[in-house]
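Chemist: The active site, nucleophile feature in Swiss-Prot is assigned to CYS10, CYS83, CYS90. Marked as disulfide bond by Swiss-Prot: CYS10-CYS83, CYS83-CYS90.
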Amino acid sequence: MSKKTLYFLCTGNSCRSQMAEGWAKKYLNNNEWDVRSAGLEAHGLNPNAVKAMKEAGVDISNQTSDVIDPEILNNADLVVTLCGHAADHCPVTPPHVKREHWGFDDPAKAEGTDEEKWAFFQRVRDEIAERIQRFAETGK
């Protein structure tokens with residue numbers, strides 16, 4: 001049986017989609033799912049996303065920041081956009097590709113003190129983890 005492809009998309013493939021990829025690789029059966037992430041642009045892996053995930057016991061430091069690959073997009077089983085910009089500007093997908101939007105705040109745009117910015121990253125990390133755990137348990 002071939003794996004199903006789950007493709008997480010956001011604007012820059014630096015924070016939210018990277019964290020989602022890391023969590024999905026942790027919570028989903030790797031024999032059943034091929035988990036990928038990409039962005040409308042490739043902004044590079046955000047060091048705070050790596051740090052936040054490491055704090056939670058998930059290593060995403062070897063993941064790469066990539067632009068959307070049309071072949072992966074058009075053959076994915078499920079495409080999940082994680083920000084409104086990606087949802088609005090994501091290329092059209094064929095009818096057989098299921099698309100969902102799971103919106104999360106952008107931790108890279110957090111303002112305030114360093115502590116407040118870090119708390120923002122932690123909150124978004126945990127929200128993404130909860131959403132992916134729910135998907136792993138229910139398929140929804």
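Cβ atoms are placed via backbone N, Cα and C, with glycine included.
Would you situate these features in the structure and describe their surroundings?
Modeler: In the three-state DSSP classification, CYS10 (active site, nucleophile) falls within a strand.
In the shown protein chains, 23 other C-beta atoms lie within 10 A of the C-beta of CYS83 (active site, nucleophile). Secondary structure at CYS83 (active site, nucleophile), taken from DSSP and collapsed to helix, strand or coil, is coil.
Sequence-distant neighbours of CYS90 (active site, nucleophile) (same chain, 6+ residues apart, CB-CB distance under 8 A): LEU9, LEU40, ILE68, VAL79, THR81, ARG99.
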Chemist: Just to verify a number: CA distance, CYS10 (active site, nucleophile) to CYS83 (active site, nucleophile), in angstrom, no decimals.
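Modeler: For CYS10 (active site, nucleophile) versus CYS83 (active site, nucleophile), the Cα atoms are 6 Å apart.
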